[in-house]
Amino acid sequence: MENIVLIGMPLSGKSTLGRELSKILKYDLIDTDTLIEEMEDKSIKEIFKIYGEDYFREKELKIINKLKKESNKVISTGGGLPIYNKNIYELKKIGFTVYLKVPLEELIKRMVKKEYDTRPLLKNNDTKFLEEMYKNRIEIYEKAHTIICNTNYKESLITIVRAYKKWKGI
């Protein structure tokens, strides 16, 4: 499949870079969290509160299975999607996976800068929780096809496009 799949921690820039990549490549953008919100007619926060995290992860898995038939998409995943059910391996079947790596210190700055009420796992700007999440997830994220240090927006876009074209053999 010829898709780009963006993975990484919450606040790593997946949605922002995804929008720009989709414009550059003229691919449709699929944001898995937004898709789930539309399917459920509820916010992610409400879904977690009413049904719990396991229910949410089941919805993510259904989306992955639907995306296996798609091409020419930029897919921005929720931060936990690659982690659960060994989904990283399923994502690699869907397309070119890109881990947007952001240093923990930068993620903490981004979290503290704004209040992220919509993100159920980042409630109360808990830096210790974010640090623990980072440590638990990094090894799985690093299984992506390529790793981009996403601290410079324009450089990240250029690097992703180049790596994707190389992967495709262009």
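Every residue gets a Cβ built from N, Cα and C, even glycine.
According to Swiss-Prot:
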{"type": "BINDING", "residues": "LEU11, SER12, GLY13, LYS14, SER15, THR16, ARG119", "note": "ATP binding site"}
{"type": "BINDING", "residues": "SER15", "note": "Mg(2+) binding site"}
{"type": "BINDING", "residues": "ASP33, ARG57, GLY79, ARG137", "note": "substrate binding site"}
Nearest to GLY13 (ATP binding site) by Cα distance: which of the binding-site residues ASP33, ARG57, GLY79, ARG137 is it?
GLY79
So if I draw a 10 Å sphere around the Cβ of SER15 (ATP binding site), how many other Cβ atoms end up inside it?
15
Please give me the CB contact count at 10 A for LYS14 (ATP binding site), counting all chains in the structure.
27
Minimum Cα separation from LYS14 (ATP binding site), reported as the residue among binding-site residues ARG57, GLY79, ARG137 that achieves it:
GLY79
I'd like to know which of the binding-site residues LEU11, SER15, THR16 sit within 10 A of GLY79 (substrate binding site) at the Cα level.
LEU11
Going along the chain, which residues six or more apart from SER12 (ATP binding site) have their CB under 8 A from its CB?
GLY79, LEU100, LYS101, VAL102, LEU107, ASN150
Between the C-alpha atoms of THR16 (ATP binding site) and ARG137 (substrate binding site), the distance in angstrom, to the nearest integer, is 21
Going by DSSP, is THR16 (ATP binding site) sitting in a helix, a strand, or coil?
helix
Neighbour tally for ARG137 (substrate binding site), based on other Cβ positions within 10 Å of its Cβ:
18
